[in-house]
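Taken from Swiss-Prot, the feature ATP binding site applies to 334, 335, 336, 337, 338, 339, 340, 341, supported by sequence analysis. Taken from Swiss-Prot, the feature domain 'Smr' covers 698-773, and the record attributes it to sequence analysis.
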């Protein structure tokens, strides 16, 4: 894409803002080098990567911090004779450690993760990273353990240091030299241990003078007894440097052997830093990723100019920039300084950003065609050097790019045809738009030409729009109204900017004389458009309020239903407990449960306004339902399991949350394949022996221990009342934690006779078989 186009759209400024979110200088440079892609498949991949980066960044799965630019290191690694210095090795170690952390974070991504796949495919400098981590300390120095030679020589250096400190202390003490010294310590000068002697005691301490302090008050003297030790220390220092050089050569060799892996890892880190910067930019202006594909319509919802959006939430007015699938052109009209040019630049800039794999400040559901080319005719393009007027410069530019314009092109025309005779300029502008449409190109044009305004309303495939203004103040509102044209209100703009009133009155008289005063008509159109916008906003607000009320009613109904279910379950448990304690006989318990079920039905109908009626009964055929099938109880909006059915009564006995009750067919509906959940939690289904009244199965997989305990107790209680002797509890394998909790609960339950892990063909250690007393 032409650099001229990107410059006119201020695309480099967006890249500068993007670069500000990068953690490293290499990534910032990569951000500034981004541009529109010519490959739709590559763009789709980049968008998928950005979607994953947004999720990872928001989940704080990986945090980017600054890392050095190691690009110059690769030239060193290409030469067999060159060795990386310590600073270069530290920089390389820092980069590879960040890559290791990135691999750890992104390597866990599973399934269709694009980033996870990229990390998996990227060659990894495993040996180099491990060796650098082993040899380099947190202070940036080579560790003693880097090599046996380095360890040995440093041990001796430390030993000599201790020897010197001991000898100096004894020397000062024996000679009572404390008052002669500036400080009671040994220091280093010229890489040798010396004593800081006061200048006025010069000659009192035999030795070699190495240096003077800046004030001249201190003389640094090496006592003769330290000369031999210092000489040995210098030898060891040389040996240390040689040992360090051998370690650095070894590490350089490893990096050289793995230079392809090092380079790939570094590129991965930089690329991901760029991705995280894109994600940060997206969050900064509340953006999204539009769908970009051949044949998609221009649809940018709540679009804002990115530079204005980044300036603050109130700095940009959101616009819906839309064309129908059969439309290719947008003609924007309205007042000077009303926002027409910003509207065009927003469309072009957001298209360039989307084609570059960047997020755009627009709403969800936005889309764009895949533009291979964007051409811009924007603002004052006159060239004094080439002796070209604005009109001539635009024509020359259009002539140059005209052969390249096709169906994959977006053209932006700002006041095209201005700067010459108005009638000829308008005719030329219409002809250019015709030619662009004939080539299948997309275009957006801003104009003041009346002929082009009428063209926008009458030409098939073209949509007209105008920038609205406040009728009272004549100031622009920077809002776009579609399918109408607007006035230029040049006189009002001139008045706003201080032109003398007598000139404006004279201009108005000339308008009346020429018969060109259409201001009242356009004012009326603007008022109607503004009223329509306000009405649409009011309707949207009213709908939102009504939806809120409906949702609140639904929430209240659900709370009431849940509360009632919990009360019924507690009553049922109380009946079971009294029956187990012998305070209630079997028949009395069954009657009490029947009363509870009746209360459940009555209060359910009261909450929901009664059963569903005849229509529901017709819609649901009870004859095709079998025991064990899942159904929806519409009056409760709950899924239950059919236990029995009575075709004569047109009712079914349904288990909901461990409570069984007869439900009229009018209150039943197909469950759409959803599993039934007891109490909104455990899935309860019959076993093969259910028809004989021998067993039930409950599925507790995925539940927390406290929820599973509640569901299991209710399940066992219900089974006891119904006379079941054998149960199956599905808890899954997993870590075994839920199985242990289930076994603990069963062990403590007074009505459980025994339990054991199911045979392998019935579920193995993922299921427990239970026998009740």
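Cβ atoms here come from the backbone N, Cα and C positions, even for glycine.
Model, not experiment: these values are computed from the prediction.
A map of Swiss-Prot features onto the structure.
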residue: 334; record: ATP binding site; Cβ neighbours (10 Å): 31
residue: 335; record: ATP binding site; Cβ neighbours (10 Å): 26
residue: 336; record: ATP binding site; Cβ neighbours (10 Å): 17
residue: 339; record: ATP binding site; Cβ neighbours (10 Å): 23
residue: 340; record: ATP binding site; Cβ neighbours (10 Å): 27
residue: 341; record: ATP binding site; Cβ neighbours (10 Å): 17
Task: DSSP three-state assignment (helix, strand or coil) for residue 340 (ATP binding site) - done: helix
Open item on the list: Please list the DSSP helix, strand and coil residue counts for the domain 'Smr' (698-773).
Closed with: 35 helix, 19 strand, 22 coil
